[in-house]
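According to TrEMBL, the protein has these features:
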- His17: active site (ACT_SITE)
- Glu66: active site (ACT_SITE)
- His70: active site (ACT_SITE)
Amino acid sequence: QMSANDCEDPPEYWTIHGLWPDKGEDCNRTWHFNVTEIKDLLSDMRHYWPDVLHSSLNRTQFWKHEWEKHGTCAATLPILNSQKKYFSKALELYQHIDLNSCLLKVGIKPSSSYYQMTAIKEALTKFYGVTPKIQCLPPEEGEKAQTIGQIEFCFTKEMQLRNCTSPKGESDPVQADLKLGTEELSICSDTLPTYYPSQVQ
């Protein structure tokens, strides 16, 4: 999909998928996305929150989707109650977490050899003091390894990091309406070897 959509240089660093409230009951679906409200964020948005699935003519489609599906719900919080606040807060949290340099610091980097998922989890938990939610693409047929796909951090309404825990008794379908190829992301298995590629083929 990326090569078909002129994604010449897929980023070789973790980018933002979204900032999602847990519960979306108070969403104002009529509040449409307006890119001019975030015009002074655009260079950071293009860098840290790129849309790699849509052609360059419509690079705002991903942001529009995230705002209309999640931002309009997040806007019940005063600190997120405009498009400018929502997108700039997500960028700020991304910079604060600094996942790219954290993983490098603990020696976890894209590689052709496999990692143990428990080692990745432990490293992240130790570094951040909270447990993130790590999502993978399951092994393709004939493969034995899962591929790391997304790392989700959870916050309180005051934007402090907290453990990501599933509500009791709920299985955990990933909220990621992101399909990579035809595969869905799901919570990584602790027992499968884990591939962390420099680029997803």
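Every residue gets a Cβ built from N, Cα and C, even glycine.
Owing to the predicted nature of the structure, the values given are computational and were not obtained by experimental measurement.
For His17 (active site), other Cβ atoms within 10 Å of its Cβ number 21. For Glu66 (active site), the count of additional Cβ atoms within 10 Å of its Cβ stands at 24 [all protein chains shown].
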